[in-house]
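*Asks:* According to TrEMBL, the record shows the following:
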type	residues	note
ACT_SITE	A:D67	active site, proton acceptor
BINDING	A:H63, A:H65, A:H143, A:D213	Zn(2+) 1 binding site
BINDING	A:D67, A:H68, A:D213, A:H271	Zn(2+) 2 binding site
Number of protein chains: 2
Amino acid sequence: MAGMRLQIIGCHSATPRLLARPSAQVLEIGNSPVLIDCGEGTQMELRRLRLKFTRIEHIFISHLHGDHFFGLPGLISTFRLLGRERPLHIYGPKGIKEAITLLLKLGESWINYPLHFHELEQGTSDTLLEAKGFTVKTFPLKHRVPTQGFLFRELPGLRKLKPEVAESHGISRAYYLKIKQGADAIAADGRTIPNAVLTEPPAATGSYAYCSDTAFDPELPGHIRGVHTLYHEATFLHTEAALAAKTGHSTALEAGKIARAAEVNRLILGHFSSRYNSLDSFRKEAQQEFLNTELAADGKVFDWAEL
Amino acid sequence: MAGMRLQIIGCHSATPRLLARPSAQVLEIGNSPVLIDCGEGTQMELRRLRLKFTRIEHIFISHLHGDHFFGLPGLISTFRLLGRERPLHIYGPKGIKEAITLLLKLGESWINYPLHFHELEQGTSDTLLEAKGFTVKTFPLKHRVPTQGFLFRELPGLRKLKPEVAESHGISRAYYLKIKQGADAIAADGRTIPNAVLTEPPAATGSYAYCSDTAFDPELPGHIRGVHTLYHEATFLHTEAALAAKTGHSTALEAGKIARAAEVNRLILGHFSSRYNSLDSFRKEAQQEFLNTELAADGKVFDWAEL
């Protein structure tokens, strides 16, 4: 069972409303929470949902539209007021450092913890982070301003030792860690016991791709092929395909096409326009292309337990 | 009866929490709502409180600390998304234009309505606005960064005509507007009838001074003397007077002293620190100096009906 867990903080486009919060998500991965996008009011929602947000060390901002970004200055300030000491890493488009630095300077609110900016070149496809237990890559999205997606992968853990088999061969416990790491072992009688006899594969690992906002992009599946769970924006239904293309957004049908082409396991739709009162049509439309489709909702939790 | 009405959107210091929102207020004056400070999440609260916030044409920002200012970029963007056409005027410390302009530029979110910035010199005492029915002045506060207070005054309306008196003198209705504006009138028999005989004084006018944040400042009463209602910050109780002085804030006792020295009619305390669970001590402490003290609370309405 993979240890990943995703909680949607907000999944609605544009203007924040009371029951339609702008984009933000907390992904628990490798026993660490990371924040993905940070619309206005995110810090209040993190408190309301009782998430231990001071543990967040990495924040990924897809682009600099307000509904993905205007909660970040306040969160950074709040970390200071809470006496934060651990470093904070912020990944986002060029300009994010200038914006945050100017706001802190105007308020003479100097940060007393290490704050590191990692500015992303538009259109790049790079590894951003190799942390304990997980990696993060970025890939390009097609929107009106420079926008990047993020791909999170758990790293495999240790192989699972079969202690009864090791004992039956009289193998010393001193070798158990090496065996879990994949080594063969020497039995009491001098024979070499292959690792595959002594262990089972490690627990399955989870993976997650975040794509918001983007126009329909046939090149996108190449960046995320085989990812377990894909969050793909679906601002509009396909009756508004022309408007979606014009504004750099996707329809639910297009999100389904991407999920199918990328051979993912699960699709989560989000970034819904405020023009729709009911969202059930979004799922039905995407399911014409990709059956295992779910709808994001503010506060909703997704896990990877079925792996 | 004066036509002013104040609704507190948030009145708590520093970190926004679910039931302790950062500073923002809507003042209805001269049939116009104006916004005073704009902490993060203000636009969501304006919606929740069902305030017709698109009518706001003037926004006054006291200083550039996040808890008074980080909701402004989102509100400006939302006005654009709602198709605003009427102009918006923003009054605030130097740097506010650069900050907002940078955020709009990074998001390529050009405003399609007239947006006017009025940057305030630190320490000035000027008239900012003479609008239909009201005036706004600014005055200096003493905080860690450049901070200005704001003084709002309703302008007197027309004098109230006594129609039965005018008719008894045979005065033509054609003169009624001039009489309401203060002119004497000629009776049917040629005599001059003094205005004071024909009219009563206009309705009383309201006034309001907003002081947040500030250290105790003995010069402050000189700027606001005789104002009807004073909102004065009281971040701490007087047991923390040293901390208040060090951080550029006031205690409830000090706020009471200012209200008494300025000979105001009513004191509203706000900007409470999160360290206090109960706020009743704030009122009691201020009442040692000034009896007519009330506590601000998120969502609470104050009116000037008793004038």
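Just so it is clear, glycine is given a Cβ too, placed from its N, Cα and C backbone atoms.
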*Asks:* Short of 8 angstroms on C-beta distance to chain B, which of the listed binding-site residues (A:H65, A:H68, A:H143, A:D213, A:H271) are there?
*Replies:* A:H65
*Asks:* Where A:D67 (active site, proton acceptor) and A:H271 (Zn(2+) 2 binding site) are concerned, what is their Cα separation in Å, rounded?
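*Replies:* Distance between the two Cα atoms comes out at 10 Å.
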*Asks:* Name the secondary structure element type, per DSSP in three states, that contains A:H63 (Zn(2+) 1 binding site).
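*Replies:* Reduced to three states, the DSSP call for A:H63 (Zn(2+) 1 binding site) is coil.
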*Asks:* Please compare the binding-site residues A:H63, A:H65, A:H68, A:H143, A:H271 by how many other CB atoms fall within 10 Å of each one's CB, and tell me which has the fewest.
*Replies:* A:H143
*Asks:* Cα-Cα, whole number of Å: A:H271 (Zn(2+) 2 binding site) versus A:H63 (Zn(2+) 1 binding site)?
*Replies:* 14
